[in-house]
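One structure is given below, encoded as structure tokens.
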Number of protein chains: 2
Amino acid sequence: MEQKLQRLLETTRRLLRRGAYSNLTKLLGKIHPADIAHLFRYLNDKEQPLLFGLISEPEVAGYVLAELDHAVSARLLAQLNKQQILELLQNMARDDAADIVQNLPEELAAEILGLMKDEESEEIEELLQYGEDTAGGIMATEIFSLREDLTVREAIQALQDAGDVEMVFYLYVTDEHNHLVGVLSLRQLLTVSPETVLRDIMIRDVISVRVDMDQEEVARVVEKYNILAVPVVDESNKLMGLITVDDVIDVIREEATEDIYKMAGASDEELLLGYQAFKIARLRLPWLLTNLFGGVITGYLMWRFKVTIRDVIALISFIPVITGMGGNVGGQSATIVVRGFATGKIDMSTLRRVLLKEMRVGLIMGMVCGLTVGLVAWGWHHNPYLGLVVGIAMTVAINVAATMGVLAPTFFKRIGVDPAIAATPFVQTANDITGILIYFTTATLFIRYLH
Amino acid sequence: MEQKLQRLLETTRRLLRRGAYSNLTKLLGKIHPADIAHLFRYLNDKEQPLLFGLISEPEVAGYVLAELDHAVSARLLAQLNKQQILELLQNMARDDAADIVQNLPEELAAEILGLMKDEESEEIEELLQYGEDTAGGIMATEIFSLREDLTVREAIQALQDAGDVEMVFYLYVTDEHNHLVGVLSLRQLLTVSPETVLRDIMIRDVISVRVDMDQEEVARVVEKYNILAVPVVDESNKLMGLITVDDVIDVIREEATEDIYKMAGASDEELLLGYQAFKIARLRLPWLLTNLFGGVITGYLMWRFKVTIRDVIALISFIPVITGMGGNVGGQSATIVVRGFATGKIDMSTLRRVLLKEMRVGLIMGMVCGLTVGLVAWGWHHNPYLGLVVGIAMTVAINVAATMGVLAPTFFKRIGVDPAIAATPFVQTANDITGILIYFTTATLFIRYLH
């Protein structure tokens, strides 16, 4: 936390304790709403609603609410009455308001939409129809556009008359049926004669996204073309809304977090649960129990080799290193493939090269690790054959792991399952199984030299 | 890959094979430079330089070069002569040009800077002084600013006269010594009288970043305040450059990738190496060998318990599940903490709550998994005491793992090491060790009931 914020937090807490509420309201009026939202992260469940009630400007309260995690904003809203919620929602951007409404208890949401002006509630209900993770779900609907038959003078006039609309830096141009036909920069308006018709100066190649496009895809478009906003159109190219790049940043962070959580066998839904241990445990347990089942299978396989183990007890010393290294290498390959899929750097057409690369890398690492552990085994138990068995098993296990690390996420992607879940726990459990099989099969083959 | 791009790729390949170069040049003139850059990903090492040579506009070639991965751009540049490289660099944004120069062989870089106009080369050399990962390293220096004593009329005139500068949507206002003193939106200029002086309408609270600020920090500022660009100032508040949000997106993606790679025990430097298996293996091996060492220690500990194992061979059936589950749970907790540090959701002041939460979650999951595996052990080997030992060991191991998953990345952060490396492989190896110790210590305590 920056120092400035640290001091602000301390002051806020002190004033809260003292009950110096009017001082606090004054303080809140002076700091940036983004800083207020940031403060909330560090406040406890009692301080949060208290401070929220002290924000005097409904615009600021709305802004803060939109920035907070769903878990926190839900708790704050639960303490307000309908009229207060209504006022807040009316002071927020429509897309943020829709987000809030979506997370209200169903009955309350319906009541509040009923209290709104028809126009407002219709827009919000329209927004609610789009999937949360689609372009429609994240777009702003307060969009400023210009008809193609306007002159530059008229366009500037319209711009001067426009109220508070989503930031204007690209000006979107439509035909009489609201179809998106062109785009202009504000600066262009200043550099041509006032009588020019927009149609004649607009750029006709507008990059736009469809209202049902997945938000990750939207992020990729914005990123690829380095644009600051992208207009959203429906299936007939009618202009529906606008997504600015600050929304895209949120998407990119969220998706990265989601992937990272999934790779570790957790779920980003946890973020909504705050500190509720039971619910979090319930989210993580199914996956954990699946892995438990995998672990029991690995154990069963070891059990099948109990004669070999009892015979040559030294073999047990290398079980952890063989399964562990297989897991590490497989996890690396899987992670690289999963991340490559997510960023678009890897797709089905480059996959063969990636697979071959990971196999080559696996071969090199397998030989180095195999040689190392083989020498360790030889030196430790004074049996060159044990060294040979351990070394061969390690080399083979690492190669299998690298290959599986590429193939598992690919397989999941092919069958339409998020490849991220194929990363760490899955690949690791699978590699435990293959590692044990490889190790003890090799040992059984060489058993007569191991005594 | 989208269909459009797929078709484009096929056409490009066909024309390349046929040697229809003039057709290709024409085609390239018609498609968006971002799409051209995208095409390069799917072309092989022979096709890439061929196609690059066919881009007729130096601006487009420069744009494409800036968008490509370093590995690819380095390969393309290696095939050009000094004059060609010079021309390309002169047609790129300074910050992109600096990036390219940075990645050239040192001697060539010096020669090319020598060939440039003094002004250009000075600016690039200045940019090269800033660390690659700082605000200075990613800012654009072609920034448009206005003096505070200008009138709106003069400001609009200046805007009309300005050439191609970094996108203008916020107008930064400076005093006579180039200190940043305010900001204006382009739209504001249109809504006030032409004689107004900028000083009287500008917003004085400008959010800016210092030239030496880490790029991750910059990303967090831009994200927090939802701004589309942030001005960069030096220690005396002089305006040095501008970072737009599209650069910030790249930072966020890169940092997420870096973290994800590190969590898996790989390095994002791999991305620069393309398909060079030897170099990639060399990057991954040190970490892998560290884990190998950890695995050998785990094996040594098991070896110390060989009497117990030989005595009750059934114990081996639960080694994989106990070490595996500890690794999974520890990995989950570590991942959540590492990601929390990266996004700013967790810091030292909220850490205690996170630790307590993970410990509670660990307790619940430990009991569920312990009970499950205990029942499995009892049912399988028909020995309730074995079930008890396995169940207790599992419960304790999972609790230790969850705690360690929080503490390990925290410790790394405290001593100034990137906590991401404390995620999967480290925590897993550590948990293998504690898991084995817990399991066999418990078993040794109950040994007389296990026969």
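Indices start at 1 and increase along the chain as displayed.
Even glycines carry a Cβ here, placed using N, Cα and C.
Model, not experiment: these values are computed from the prediction.
Features of the protein shown, as given by TrEMBL:
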DOMAIN    B:139-201  domain 'CBS'
DOMAIN    B:202-258  domain 'CBS'
TRANSMEM  B:285-303  transmembrane segment
TRANSMEM  B:315-338  transmembrane segment
TRANSMEM  B:359-380  transmembrane segment
TRANSMEM  B:386-412  transmembrane segment
TRANSMEM  B:433-450  transmembrane segment
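If you count C-beta pairs under 8 angstroms between the transmembrane segment (B:386-412) and each of B:285-303, B:315-338, B:359-380, B:433-450, the highest count goes to B:359-380. Contact check: the transmembrane segment (B:359-380) against the transmembrane segment (B:315-338) gives at least three Cβ pairs closer than 8 Å, residues 6 or more apart, which meets the contact criterion. For the transmembrane segment (B:433-450), the list of distant contacts is 294, 297-298, 301-302, 305, 308-309, 311-312, 314-315, 318-319, 322-323, 326-327, 383, 385-386, 388-390, 392-393, 396-397, 400-401, 404: same-chain residues at least six beyond its ends, Cβ to Cβ under 8 Å. Within its own chain, the transmembrane segment (B:315-338) has Cβ neighbours under 8 Å at 259, 263, 298, 302, 308-309, 346, 354, 358, 361-362, 365-366, 369, 373, 377, 380-381, 386, 390, 393-394, 397-398, 400-406, 408-410, 419-420, 422-424, 427-428, 430-432, 434-436, 438-440, 443, 450, counting only residues six or more beyond its boundaries. DSSP states for the domain 'CBS' (B:202-258), grouped as helix (H, G, I), strand (E, B) and coil, give 25 helix, 16 strand, 16 coil. Broken down with DSSP, the domain 'CBS' (B:139-201) shows 20 helix, 18 strand, 25 coil.
When averaged over the domain 'CBS' (B:139-201), pLDDT in the model lands at 85.
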